Amino acid sequence: MDPGPPPPAAPPQAQGPPSAPPPPGQAPPSAPGPPAPPGSQAAPQAPPAGHQIVHVRGDSETDLEALFNAVMNPKTANVPQTVPMRLRKLPDSFFKPPEPKAHSRQASTDAGTAGALTPQHVRAHSSPASLQLGAVSPGTLTPTGVSSGPAAAPSAQHLRQSSFEIPDDVPLPAGWEMAKTSSGQRYFLNHIDQTTTWQDPRKAMLSQMSVTAPTSPPVQQSMMTSASGPLPDGWEQAMTQDGEIYYINHKNKTTSWLDPRLDPRFAMNQRISQSAPVKQPPPLAPQSPPGVLGGGGSSQQQQMRLQQLQMEKERLRLKQQELLRQVRPQAMRNISPSTANSPKCQELALRSQLPTLEQDGGTPNPVPSPGMSQELRTMTTSGSDPFLNSGTYHSRDESTDSGLSMSSYSVPRTPDDFLNSVDEMDTGDTINQSTLPSQQNRFPDYLEAIPGTNVDLGTLEGDGMNIEGEELMPSLQEALSSDILNDMESVLAATKLDKESFLTWL
């Protein structure tokens, strides 16, 4: 169905005279244009459905270059004109700097603009130890500090005068005045320099007095005591016409206003001449520790200390030799006469003598004298190194990190009863201790001094160590005797019955 032709458009409205003028203060009407459609109330015309408004701007690269040029070359850049400061809506105080106020109490307030009056907390002025007790006698000592009278404040408020302040009744220096701010803090006015400060000028005075006061009496006393003695040799005291005293040195043909008795060089020479001559100590041995023999003692004391150290060293050397003699015969118990002269036994004996020869300077150990003191014999029967168990400095403590069990000490894996039974099982000929050869069948003795080595080297170096390879094979094929089996059963039975045993059998 054809809707028909559209209705004719309304004729354009003729322009007539403007309406009544707008009231004052209202913006003038804009340029004449087509009237807004009815009901739109001059709202911006929305784009049709499905259309978007695209704002086309210039090249962004050129805009960035312009910004960089404005910064790098401010003279050649086209800086946009800004609104002058006079045309901006700024208060009048912006263009009028504050006038400097007179020096008065009203000018020193916390609300002022003076930046030089910031509180300064100096560490040296805040320590109560630097304050003399006599200066704060009028005040009272409180837990928060020194305060008195109106300066006292509640403990909850930490004011400046509660740290380290001088009471108000102590007079100020000339030209100074103390005032308080609205918050109660004290400051000081210097009328001489026309300045204000937070620092109390009385603190500097007290610190100067405390530094100069104690030093002056000793100096005067030392000068009086030193000047009261006789003049050095070659010096003479004389007096001028005005009554001034001067000193003549006849040795150098010179005069001086300074008393030679006050010169520390002459005083030192005088003391040295009056004191008794001291002998120079002999040169110390290289092995002597410098910390023990040094220290400014007399030569006699140093010689006594040196002799004591030498005696101690000799005594320790004798202990070690006695220990070696006590332990070495035990290694010869299980050596048969047939194997004592074997090359292997001689080699072990030579190796055991090497450390001893090095310690004694290449000479073998001498035979112990029968008149050796009982003290050395009792101290050398312990069976360990004297440097490890002597005194409380170093001792072989009980081990708490043993891997065998949870006990506080460790024991060897081989029980002692079994070792004793092995000694009884020796079927060889009985060896007389007096007829033993001089060869030693031991490892070097310094292995026994190592802590934690509880292995009996003498047992390991018995007949089994000296048997050659050809003799070892037939011995393994022999049947075990009944005596060995009986001994093993007795040892195992004793171990099972012993509840306190900490052996771990793997």
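Glycine residues also receive a Cβ, built from the backbone N, Cα and C atoms like all the rest.
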Query - region 'Disordered' per Swiss-Prot - which of 132-160, 219-247 - result: 132-160
Report summary line: In Swiss-Prot, the phosphoserine annotation, restricted to SER126, SER183, SER408, SER421, falls on SER126
Report summary line: From the set TYR187, TYR409, Swiss-Prot tags as phosphotyrosine just TYR409
Report task. Could you give me the DSSP helix, strand and coil counts for the domain 'WW 1' (170-204)? Result -> 4 helix, 13 strand, 18 coil
